[in-house]
Amino acid sequence: MTSLTKSTLSLALNLQDVFFNNTSTEDFLATKTPPITSQTWESWFQIWLEMLVAALPSSDSYELSLRLTDDQEIQYYNAQYRHKNQPTDVLAFAALEVEVPYQIDEFSDEPLYLGDIIISVETASRQATEQGHSLTRELANLAAHGFLHLLGWDHPDDESLMAMLSQQEILLNHLPLLHQD
């Protein structure tokens with residue numbers, strides 16, 4: 001686990017890259033963009049955290065997990081938790097429940113855990129091709145979507161989906177690497 005610190009606000013990111021670190025993905029790696037570095041992931045989430053910190057419970061440090069995986073594994077989680085036996089692009093499991101009161105002081109020495117994001121790189125690759133942009137941009141898009149879910153955003157209807165997609169675009173526009181895409 002690594003941490004980034006800017007002023008007094010810090011973010012700890014637990015990156016589990018089981019997709020790019022899996023030897024069965026060698027053929028995929030030979031034809032696609034190399035994996036995004038942990039430092040890049042950390043900087044993206046740090047930027048987004050600082051943009052949206054006003055929407056979070058007050059804390060000096062935050063933590064989240066990001067797991068990059070394949071269609072088979074994400075299908076398992078999608079079936080287990082959403083009762084949909086098919087792969088999906090991104091799943092997010094928020095640790096904070098906005099309706100449940102809690103005392104932040106009890107955990108002030110520990111980072112405030114936001115939750116887990118799981119992304120299927122295989123699905124992201126297909127979507128990137130369909131959308132005509134890079135895998136890097138698609139992974140950033142899915143990470144931003146998952147991050148918003150961790151902060152309580154949801155899209156049960158078209159209006160809330162449009163608002164969430166608009167916020168995603170704002171987050172993506174703050175990533176310098178994506179302006180080259």
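The backbone N, Cα and C atoms fix where each Cβ goes, glycine too.
Small disclaimer: the values here were computed from a predicted structure and weren't measured.
Here TrEMBL flags HIS145, HIS149, HIS155 as Zn(2+) binding site.
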Count the other Cβ atoms sitting within 10 Å of the Cβ of HIS155 (Zn(2+) binding site), across every protein chain shown.
15
Within 8 Å of the centroid of the Cβ atoms of HIS145, HIS149, HIS155, which other residues of that chain place their own Cβ, given that this set defines the recorded Zn(2+) site?
VAL90, ALA92, GLY146, LEU148, TRP153, ASP154, MET164, GLN168
